[in-house]
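Undergrad: Before I ask anything, here is the structure I am working with.
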Amino acid sequence: MNSKDISSKKLTLQGFSKLKLDFNLSSSASPSMGATIVKKRRRKTHDTEEQDENKLLGSLTKKEQISRINAVQNAALLKERNLKEKEAIVKKDSIVKEDSNEKTNDRDSATNTSFKETGKEVLNDVSLVELIENNTDNEDNNKKSLKTNKDIYSKHSKRIIAQSIDDKIEQPSVFKQRFGIRNRKSEFTKGKNISREVIIPDEITIKELSIRMAEDSKSVLKMLKEEMGENYGVDGLVDPEVACEIVEKFNHTAKRVSGANKEKNLFFIEERESLPKKPKPPIVTFMGHVDHGKTSLLDAFRESNVAERELGGITQHIGAYQIITKDKKITFIDTPGHEAFTAMRACGANITNIVVIVVAADDGVMKQTIEAMNHAKAANVSIIVAINKIDRSQSGDVERIISSLPQYDLIPEELGGDVIVVPVSAKKKINLDKLEEAILLIAELMKLEAIEDCRALGWVIESKIDKAKGISATLIVEEGTLKVGDMLVVGTAYGKVRSMVNHLGQREKVALPSSPIEITGLNGIPNAGDKFVVVSSEKQAREIAEYRLELIKEKKEDLSNNNLDMFSRNDSEVEELSVVLKCDVTGSIEAISNSIDKLGKDQVKLNILHKAVGGITDSDVLLAEASSAVILAFNVKVDSKIRDLAKRKGVEIHTYSIIYELIDDMRMYLTKMLKPVTREVRIGSASVRQIFNVSRVGNIIGCYVSDGVVKKDSLIKVMRNNKLIYEGKLKALRRFKDNVKEVGTNFECGVSLDGNVDIKVGDILEAHQLVQEERVL
């Protein structure tokens with residue numbers, strides 16, 4: 001019986017009996033088809049099953065009986081069709097296997113098509129059941145067809161349909177492709193491993209190592225635990241040697257790169273020989289003793305008045321300027337002449353091409369003049385001597401200075417050497433043109449050239465913190481072209497160039513060789529004299545800066561360990577003055593630090609707890625309070641709020657604008673902290689003339705004071721034939737019968753000494769006194 005016969009006829013009780021008989025016969029003849037469903041559910045014999053069915057059907061209404069029979073019949077038909085389709089699928093699969101050239105995609109497509117057709121047939125069978133139920137309702141009630149209560153049979157029907165679908169879909173790959181589900185992880189892990197070259201730095205975490213190998217961090221941790229017996233966290237640092245072993249176990253190649261390799265060739269310009277070079281302006285540095293007119297001479301070239309604005313009449317920063325003269329550019333660097341700025345002068349000598357040693361005609365060669373000469377000679381740069389202030393010098397001063405230069409290994413042209421000497425006057429602008437010609441002549445002879453088409457490198461002149469700009473640094477480009485947006489590393493600081501301003505305050509986008517430029521964008525404050533270089537990425541800049549910072553940290557730890565024993569031995573004896581130092585620029589910090597460090601002695605020392613560029617902050621005051629320190633502010637303004645806070649906390653703040661005033665005050669502070677020195681001073685002497693034995697008192701020594709004075713609290717030394725036979729204190733000092741405090745020269749006195757002393761006539765008594773003297777640094 002097919003589905004069309006069932007759907008076209010109404011089923012009566014007589015029809016049901018006949019259908020039941022046919023169904024039982026088919027079930028006994030073919031157990032695998034529909035009968036197994038009933039047996040599986042009830043698990044009874046054929047006779048018992050038939051009785052139970054009659055009983056069950058008798059308890060149901062006519063409508064329910066017909067619906068139950070129709071459902072069972074359709075389930076049997078569905079099972080039979082599914083079996084046939086399953087056999088067809090198996091046959092197709094065998095054909096596909098025999099044909100090795102046929103693509104698997106064709107097979108999947110055919111299977112998917114079969115799956116869709118089967119789904120349609122299942123839906124048709126469900127519709128067939130609903131149609132029979134509707135026909136039965138029309139026969140009994142002659143009303144509109146009513147839908148069957150699906151809640152009674154939905155669970156049973158769903159189980160039959162789901163079982164039929166499961167029988168048809170036995171291949172998981174077909175089901176997964178039908179619904180788009182794939183085991184992506186298994187497919188990924190089965191892929192072919194790629195061998196990589198893994199860079200191993202001095203320090204690396206498990207997470208970073210896993211990323212570089214393109215491996216799962218869990219696999220790395222598991223391997224470490226199982227094969228090496230090590231327990232690590234994902235963010236834990238691993239030894240470089242262990243990291244190399246891990247890389248090799250994952251079939252990769254390890255390349256060990258130490259921090260030193262990061263610095264290697266950092267300042268090397270690739271293809272230097274092939275890149276074109278262009279002439280660059282000379283960098284000229286004015287050096288010399290304090291107040292010899294270096295800044296005034298530079299002002300005469302620049303036609304400005306910087307010297308008049310400088311506090312104390314001395315330069316305390318390195319200044320960089322660029323002027324145009326005779327259609328040629330010259331970059332000038334002005335360095336401080338005070339002895340505290342030795343590091344700045346050394347920095348200026350290393351950066352420059354030409355050094356102009358400025359000597360005042362009335363003072364001649366001084367201490368810092370000699371130091372500047374030594375810096376210039378050590379840097380192997382050309383030297384010009386400018387004898388300034390000739391407008392107020394006396395006759396013969398210039399000749400005297402010229403004749404003294406050879407003793408400093410500077411042979412002037414007047415004496416057959418190659419050092420140009422130019423007498424000038426910055427105030428009267430005398431011979432400035434001759435000095436300018438000398439500079440341009442030497443620059444032309446030196447043939448100064450630089451590559452412009454390469455990454456920039458150069459030097460830091462000075463750095464500071466500005467409230468509006470943040471951290472800024474003044475640079476001199478040595479080679480290459482510096483641009484806004486370049487990533488550079490300088491000392492332990494790095495960052496992207498955010499802005500560039502020239503010495504006139506004008507914004508620039510590029511800076512060529514020998515150009516002084518002020519930049520912003522660094523994450524830290526570099527030191528004057530640090531060398532900068534443009535790098536390819538922020539990662540490279542950060543790694544180099546961190547490596548340098550680590551080196552500095554290691555050096556400090558070594559120094560601390562070496563001095564630990566010394567400090568522990570002397571800690572109880574050494575007085576310490578702690579200070580917090582805040583300055584306007586890094587150059588001032590270095591100069592002041594070096595100067596006040598030299599003030600310390602064995603019994604007193606100055607400890608700089610913290611030094612930084614910028615204004616005084618709340619944390620500075622709190623640090624000073626906790627450490628009983630003094631705050632020194634150099635060229636830094638102090639807010640009223642900070643002063644109030646310091647007053648409440650009992651912290652002293654001393655502000656300075658001239659460096660030697662700060663140094664003098666620190667010397668005075670340390671001097672007051674020094675313990676006075678106790679010295680033994682001879683104050684007089686007396687000769688023994690007679691010895692009296694007094695009962696109940698002892699020996700009384702009769703003396704004559706030959707010089708000085710003998711005091712009652714004097715320390716007495718008894719000398720016999722220039723040998724010390726006794727040292728002690730006076731027990732009593734009398735003149736006649738009266739006790740006196742002292743006896744002067746040419747007077748007689750009687751003394752008694754502590755202890756038993758063998759005194760003879762002719763012995764000499766020397767009177768000494770302990771005197772405390774203030775120490776001076």
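Here the Cβ of each residue, glycine as well, is placed from N, Cα and C on the backbone.
What Swiss-Prot records for this protein is below:
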- 288-295, 334-338, 388-391: GTP binding site (BINDING)
- 98-109: compositional bias 'Basic and acidic residues' (COMPBIAS)
- 279-449: domain 'tr-type G' (DOMAIN)
- 30-54: region 'Disordered' (REGION)
- 98-117: region 'Disordered' (REGION)
- 288-295: region 'G1' (REGION)
- 313-317: region 'G2' (REGION)
- 334-337: region 'G3' (REGION)
- 388-391: region 'G4' (REGION)
Undergrad: For the region 'G1' (288-295), how many residues does DSSP put in helix, in strand and in coil?
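TA: Taking each residue of the region 'G1' (288-295) in turn, the totals are 2 helix, 1 strand, 5 coil.
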Undergrad: By DSSP, what is the split of the region 'G4' (388-391) into helix, strand and coil residues?
TA: 2 helix, 1 strand, 1 coil
Undergrad: Let me know the model's mean pLDDT on the region 'G4' (388-391).
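TA: That region's mean pLDDT is 90.
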Undergrad: Within 10 Å of the Cβ of Ile390 (GTP binding site), how many other Cβ atoms can be counted across all chains shown?
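TA: Ile390 (GTP binding site): 19 neighbouring Cβ atoms within 10 Å.
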Undergrad: Please name the residue among the binding-site residues Asp291, Lys294 whose C-beta has the most neighbouring C-beta atoms within 10 angstroms.
TA: Lys294
Undergrad: Just counting, how many other CB atoms are there within 10 A of the CB of Gly288 (GTP binding site)?
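TA: Taking all protein chains shown, Gly288 (GTP binding site) has 28 Cβ neighbours within 10 Å.
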